[in-house]
Protein chains: 4
Amino acid sequence: MTQHLISGGQSITAPDNLKPLLQDILQQALGVTRGKVADYIPALAEVKPDYCALTVATLDGSVTSVGDATTPFSIQSISKIFGLMLAMERLDEKLWQRVQMEPSGQPFNSIVQLEWEKGIPRNPMINAGAILVSDVLVSHYSASKSAVLSMVRGLCASDSVCVDRRVHQSEIEHGARNAALAYLMKSFGNLEADVDEVLDHYFWQCALTMSTEDLARALAFLANRGTCPYSGKAITSHRDAQRINALLSTSGMYDQSGQFAFTVGLPAKSGVGGGIVAIVPDYGVIAAWAPPLNSYGNSARGMEMIRNLANRLGLSVY
Amino acid sequence: MTQHLISGGQSITAPDNLKPLLQDILQQALGVTRGKVADYIPALAEVKPDYCALTVATLDGSVTSVGDATTPFSIQSISKIFGLMLAMERLDEKLWQRVQMEPSGQPFNSIVQLEWEKGIPRNPMINAGAILVSDVLVSHYSASKSAVLSMVRGLCASDSVCVDRRVHQSEIEHGARNAALAYLMKSFGNLEADVDEVLDHYFWQCALTMSTEDLARALAFLANRGTCPYSGKAITSHRDAQRINALLSTSGMYDQSGQFAFTVGLPAKSGVGGGIVAIVPDYGVIAAWAPPLNSYGNSARGMEMIRNLANRLGLSVY
Amino acid sequence: MTQHLISGGQSITAPDNLKPLLQDILQQALGVTRGKVADYIPALAEVKPDYCALTVATLDGSVTSVGDATTPFSIQSISKIFGLMLAMERLDEKLWQRVQMEPSGQPFNSIVQLEWEKGIPRNPMINAGAILVSDVLVSHYSASKSAVLSMVRGLCASDSVCVDRRVHQSEIEHGARNAALAYLMKSFGNLEADVDEVLDHYFWQCALTMSTEDLARALAFLANRGTCPYSGKAITSHRDAQRINALLSTSGMYDQSGQFAFTVGLPAKSGVGGGIVAIVPDYGVIAAWAPPLNSYGNSARGMEMIRNLANRLGLSVY
Amino acid sequence: MTQHLISGGQSITAPDNLKPLLQDILQQALGVTRGKVADYIPALAEVKPDYCALTVATLDGSVTSVGDATTPFSIQSISKIFGLMLAMERLDEKLWQRVQMEPSGQPFNSIVQLEWEKGIPRNPMINAGAILVSDVLVSHYSASKSAVLSMVRGLCASDSVCVDRRVHQSEIEHGARNAALAYLMKSFGNLEADVDEVLDHYFWQCALTMSTEDLARALAFLANRGTCPYSGKAITSHRDAQRINALLSTSGMYDQSGQFAFTVGLPAKSGVGGGIVAIVPDYGVIAAWAPPLNSYGNSARGMEMIRNLANRLGLSVY
């Protein structure tokens, strides 16, 4: 396959060659049958388990996809990146007095850690941290939902990004644990706005629907030193793009973050809707989607597709 | 300053220009007075707090240093890298059934986590993990200490690497907590060899003494895809070099690993002797030494020197 | 002092002799200046710290008091006994599938334990357990507040038992941690009713106001094998009175329960309003009140008065 | 059945009537097949599961038994009472600066709690606490084992009390977890003597062998205000007998202490050898033995026999 070296070992595979590679990887992934579609809310439990999509957006502007790459799905925790961007913009350094930037190392037990650390979440990628970020948005934006939606639509240059109202409603109804996290932060004085309003924003944000093509385009600036490769607009500073990538590297893949760094070596974020995005600095973004989750809550096929692609193209940052 | 672009934004600053930069950074760091020399054993408590060294070894073979860069010091936890290399070589994938690869997220409380996770340490960079690795070495090498020492001497092409017998003895005498970790792993059936022998190897390894120049040279292969840039010898596979760098990124800087990734963005490992090494893939190694530690057990000046240098040269992997 | 032996070493001191003894003990307690009035809500913080009362109600029907023994105060956690009585009546053995009967051993951290034990509170005397009990009451009584109020008024044959509306309101406003506990139980499926309604009952119950004379009379049945010594009415079975006393013995004095058993040896319950009741089986009830709390949240003077009295009269159950 | 009332509801059943009652209770207990003989060391795993014994020693000097009541067995944790008695004698109040008196509430996780509470064990009835007590004995008695043995032999007026050398040796070989507890206390500065010597005393003490008749007689002083009812000798003060009973009430039955208080209502201590002793103040001692353990490590049949007997005779202290 033809490769154009651009930097320390990384290369841009021409779209003509990339497509069959992605096709091959997707086919292999379909053989991976481990996993179970998220079922904590009915709206997610009903998603067909055999959806599968893989998209690569490179910095030269090309977007190569295979599978259901234009089908929107619930991005869930991937939305934590968008919330964080807006909160960093508003609070800057002050944000880090209210949320830490350390990996949590606490599988399933985040309320325990939140208690030990007196209501200061470990990082913005765990639920408590993203609820804290939602509190910042609700407190600092007159219309926090519009702010997120218009930013995301702008990033992927697509008005098709929506919110699934049924998922939103369902999250609220099954959100007792997140309410517990929010009230615990409130009890420590680390939540400013009304708890119901904060949770409403948080659940709304989790219910955003995007396709892998939407996601890959929307996050391309993280691979491009903060600048959107399509519009040329500076979305964040180079420094902040690196910082977000650092957070994704240490905390983006739930309790498999260390294993993902070890086996893949890319900043990444997953959601229980089955989506995963991985950032390849100075190269592009990989977005994958396949609903069945492994025991860590990460898409089993999505992990496998990204690992396979990264290893074949030698894309680790390390 | 003259820079030679070698890869995605990284560059090699010619030694003539690097030296004054390092000198400037070291001077600035001397102004950082935070921190306290490790005092849990007398042999470390007596080290002069004003030692300060900074070395950069680049892949073209040049080694640039300022300060006390040839003075050997107790490398302590940096030695965990050397132990891990030998254990990976012997056990390969089986090693990861006995130790995980996830960040621990447990400040000061590692025995709690070890109990929860039934004697399987979180990663090889925390004490429990390195004691487990020592068990592997003691069990699989006829002379585990010689194996480590000859490997390290070979890596930095220097016979001056030694073990400080007083530190070794002192560690044993004050090693009750590490003994507790070892016995807890033993109680879970995750320690094969005799506990005393395992601890003796572990404490011995922590007592290795090297200079920043020794360290930078010894670990250059991690920046060079597994191959020693001086001898051209393959030390590890490219894959294993990336894996070790990934572990350092998520777990190398104690409970500041997330913050170090966020502010510096390089795989790194520190020791309570005041040393820190940072790996810059496809560029080289930075090694710093200054005994006073911050509250996380990382060298305050060492952190500052590496952060300053990495930011000035734009060396983040993200 | 004249004593009438009634049982294994216990005795009834005639009121004529008891009064000067109580007076002496109260005077000594006033010298105990340790402690700080509860200040987590304004309504409690404003209570005068020098209130002090001591009442002994013996099974022959006599009630002997010194100090502010007819002044009503916020009984707070002492109300957990009343809620539990009604819940035991309705659910019987089934109650213990939803709440355990073990001492918690978890100072200040009950949300951690609640998470570990999957939403099943350790016992009905900790907040989570009493919220669970409130859920039972709200779910099984058409008017749970009336049910509690009429029972308590009947027990002490006094209509003066009221609820302090300001304390009730204040508890709701500062109840974020209790809300977190409730939502966490909800997330584990161990809360049936609406969380807001459950918390409203719980906070209302904590805001009951009674005097030491009210309390001593109301709980006399616990010392009298379940039968009210005044009305002769069976309030609970002998078995259930023993069970409640057992729970108070192992869990009634927060994280000082073991120390209270060791130094006093009586089933007892305290509240952050400064009240403490101690049950002396086959003898009577001691009720004490003094607002300043020690670091465990128990009335410093109240503890001292009960310890002094129990030791002087030899009242330990052990 | 003829009963002689002696105190608040308690009675002495004449031996002629007690024997058939015990026989009936033992027969019923044999129907309880739940449980599994301790198998963490071979010497215990080999004990026949169908041994069963029940002894009642009353303060009038009579000892009534059924089943294998003269067969010696490994008393294991019941020995913690004997160690504690000697440590209280030597250190008095100072002992309680090094060990607490609160229920632990920590099933299976005692090393976690020991870490959180900086090496101060929760109470002398958990392993860490008994190891601490062993440290006191080793440090304050020239021959700690002889001191324990001669005290125990004196208490039950029998030279037949021995130590099972095989159990002692086996405990040492499988004692890694207890070694971890000891080293952790050492690391916090709460262990004075040599760790190996302390553990050797602890394991030796656990290996004491006694019959239910030996145990009932040896602990009769706890039911008799500190005085041996046979010799009339004051073993401890009345106060200290009450204190030990209080500790047994809140912490004697592992993680079933609360449930045992709730369902039985007597101070008691069990051991993984299948023995249980229960103290009935001013009445006597019940000792039971049946090797199969329930999931809490308490003898399933022993619990049932004591519960049945206490309920039939109305022996609760509450």
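Cβ coordinates come from backbone N, Cα and C, glycine included.
A:ASN127 is the only one of A:ASN17, A:ASN123, A:ASN127 that TrEMBL places in the substrate site (with A:SER77, A:GLU171, A:ASN178, A:TYR202, A:TYR254, A:VAL272). Of the binding-site residues A:ASN127, A:ASN178, A:ASN178 has the largest number of other Cβ atoms within 10 Å of its own Cβ. The maximum pairwise C-alpha distance among A:SER77, A:ASN127, A:GLU171, A:ASN178, A:TYR202, A:TYR254, A:VAL272, the residues recorded as binding substrate, is 19 Å.
With every protein chain in view, the residue among the binding-site residues A:TYR202, A:TYR254 whose Cβ has the most Cβ partners within 10 Å turns out to be A:TYR202. Within 10 Å of the C-beta atom of A:GLU171 (substrate binding site) sit 25 other C-beta atoms, taking all shown protein chains into account. Neighbour count (other Cβ atoms within 10 Å of the Cβ, all protein chains): 21 for A:SER77 (substrate binding site). Sequence-distant neighbours of A:VAL272 (substrate binding site) (same chain, 6+ apart, CB under 8 A from its CB) are A:ALA38, A:TYR40, A:LEU44, A:GLN76, A:SER77, A:LEU293, A:GLY297.
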